[in-house]
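Annotated in Swiss-Prot:
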BINDING   Glu92, Asp114, Leu116  Mg(2+) 1 binding site
BINDING   Asp114, Asp117, Glu281  Mg(2+) 2 binding site
BINDING   Asp117, Gly118, Ser119, Ser120, Asn209, Lys275  substrate binding site
Amino acid sequence: MHTGTTLTQFIIEEQRRTAGATGDFTSLLNDVVTACKAISNAVNKGALLGVMGALESENVQGETQKKLDVITNDIMIRSNEWAGHLAGMASEEMDDVYAIPGQYPLGKYLLVFDPLDGSSNVDVNISVGTIFSILKAPVAGRAAKAEDFLQAGTKQVCAGYAIYGSSTMLVLTFGHGTNGFTLDRDVGEFVLTHPAMKIPTETKEFAINASNMRFWEKPVQRYVDECLAGKTGPRGKDFNMRWVASMVAEVHRILTRGGIFMYPKDTKDPSKAGKLRLMYEANPMAFIVEQAGGAATTGYQRILDIAPEGLHQRVPVILGSKTEVDTVTGYHHEKAA
């Protein structure tokens, strides 16, 4: 039995500290948390419920959808469409904005989410997660349009992710620190277990898909070569390489023990500036990481400063321990000079 601060208590105390708070945001976040609990249960029981494996359909990204992609997307929608807090939703799994059904009132917030990040790993029992971001609607009470969502990451009211692994955790930021909560399944409540999470500025771990090395830009090749050179190289220390192929798992490791995660720009598909989606993955994770003392860039600019051009825009992502991110970003700027 837990004896610590529950997420419900934490959110209400946050509300009390916010001038003019009406409780709308608190209620919205509670609905998001409820969805994450339901998704955790679905992921945990996947094979028992017969929901593992792929479908014949593709999402807007051209990626083959897993059964759980569709199920978890539906859970997020059904949990959040009805309460009157939202003007609209956008999901990595849907082509366009999800309009709030006419029988429900419209609110003043926008919800953006990736319902099951890392879903390609779900069949092999590797940690996956849900990533979400909450924005203010430009016009409260009006059905949201696609352009309403195209706000820089600095405009996020809240960002978070749930990770479904050996335990289910929820990591949140409201813009003044990053906090982690662990689900106590006995009582069905998230409990504060990782207050004021901080990413070490120095690290000896880097995460990147090295099979794409031949497609990387020179600054990334240089950085990885220097890491691999170890103590006898220019960095003067040995590094370990990690790669889980689940952004939630990578970022969670970095938040708990440091490191740098890179999904850089490459020439594998010149039509794509990067692999990860700005709205659904890069912005919320950049917000979380920065609030934990880390840094997040594309190699050329701060991710949170990007002016979005589309709901499904892709960007390069380099995030984690500030010293390492600054080093890689510096190499990109040297190239551009």
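Residue numbers in this text run from 1 along the chain shown.
In case you wondered, yes, glycine gets a Cβ from its N, Cα and C as well.
Feature annotations (Swiss-Prot) mapped to structure.
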residue : record                 : Cβ contacts under 8 Å, 6 or more apart
Asp114  : Mg(2+) 1 binding site  : Ser91, Glu92, Glu93, Thr130, Ile131, Phe132, Arg277, Tyr280, Glu281
Leu116  : Mg(2+) 1 binding site  : Ile39, Val43, Lys66, Leu68, Asp69, Thr72, Asn73, Val122, Val128, Gly129, Thr130
Asp117  : Mg(2+) 2 binding site  : Val128, Gly129, Thr130, Ile131, Tyr161, Ser246, Met247, Val248, Glu281
Gly118  : substrate binding site : Ile126, Ser127, Val128, Gly129, Val244, Ala245, Ser246, Met247, Val248, Ala249
Ser119  : substrate binding site : Lys66, Leu68, Asp69, Val128
Ser120  : substrate binding site : Lys66, Ala245
Asn209  : substrate binding site : Trp243, Ala245, Tyr263
Lys275  : substrate binding site : Tyr263, Arg314
Checklist entry - Taking every protein chain shown into account, which of the binding-site residues Glu92, Glu281 has the largest tally of Cβ atoms within 10 Å of its Cβ? => result Glu281
Item to check | Cβ within 8 Å of the mean position of the Cβ atoms of Glu92, Asp114, Leu116: remaining residues of the chain near Mg(2+) 1 | outcome: Asp69, Thr72, Asn73, Ser91, Glu93, Phe113, Pro115, Asp117, Ser119, Thr130, Ile131, Tyr280, Glu281
